[in-house]
């Protein structure tokens with residue numbers, strides 16, 4: 001086997017949550033490009049998910065879309081069951097579904113707190129639980145944290161950052177729990193990534209961001225990185241693809257920052 005073969009995913013089956021758009025879609029496509037068959041999970045937009053499926057198929061692999069609300073543990077169990085029923089087994093689970101939230105502590109309601117933690121924290125925990133139950137030995141669980149989780153405090157961002165901070169602890173503990181099946185558990189922690197939500201979300205991070213033009217938002221986000229550019233979904237997808245591969249079999253319990261060195 002050549003060294004490049006260690007990065008291939010031929011014969012593997014991957015499931016990506018929140019894969020209808022943005023980072024999740026890029027992850028699903030990247031895994032497919034490396035040879036994996038892919039389950040594209042989505043919450044609401046079947047049309048968007050089917051476009052991702054079509055792209056994966058056009059690149060020579062196979063894929064299906066399955067709707068599931070990852071905030072509902074029963075729905076997560078059903079999602080994994082359907083994935084195994086369709087493809088026969090499961091090797092990789094990339095948990096990407098999440099929601100963002102901004103608000104000063106004085107304004108945060110219990111409903112908003114619960115809305116964010118239901119998906120970002122509770123949802124990812126039960127995705128990991130069901131991944132452990134469904135993955136073959138030697139599988140991969142890859143969760144999604146954030147560079148605001150433990151590296152840098154952000155005003156009006158406590159609920160979101162806290163919901164992601166829990167993921168860092170999950171990873172360290174679950175890596176131990178999952179060792180008996182030789183399953184590795186890691187997380188990616190993206191910074192600013194240029195998805196369809198990039199401009200609106202980035203303005204929340206920038207003081208007086210509502211007064212910035214789109215070009216100024218781009219420049220500000222790029223300035224944070226010594227590489228002087230904004231992150232792209234494919235930047236995260238490449239790291240997830242590596243963690244999913246045989247080349248990463250000795251990496252577990254780690255949170256990998258994917259922010260171009262923005263917070264250092």
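In case you wondered, yes, glycine gets a Cβ from its N, Cα and C as well.
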Site-mate of 69, 96, 129, 160, 164, 193, 195 for NADP(+) in Swiss-Prot, selected among 23, 56, 251: 23
Per-residue Cβ crowding (10 Å cut-off), top of binding-site residues 23, 193: 23
Cα distance (Å, whole number) from residue 146 (active site, proton donor) to residue 195 (NADP(+) binding site): 15
Distant-in-sequence Cβ neighbours of residue 96 (NADP(+) binding site), under 8 Å, six or more positions away: 16, 17, 18, 19, 23, 24, 27, 144
Recorded positions listed as 145, 146, 195, least Cβ neighbours within 10 Å: 195
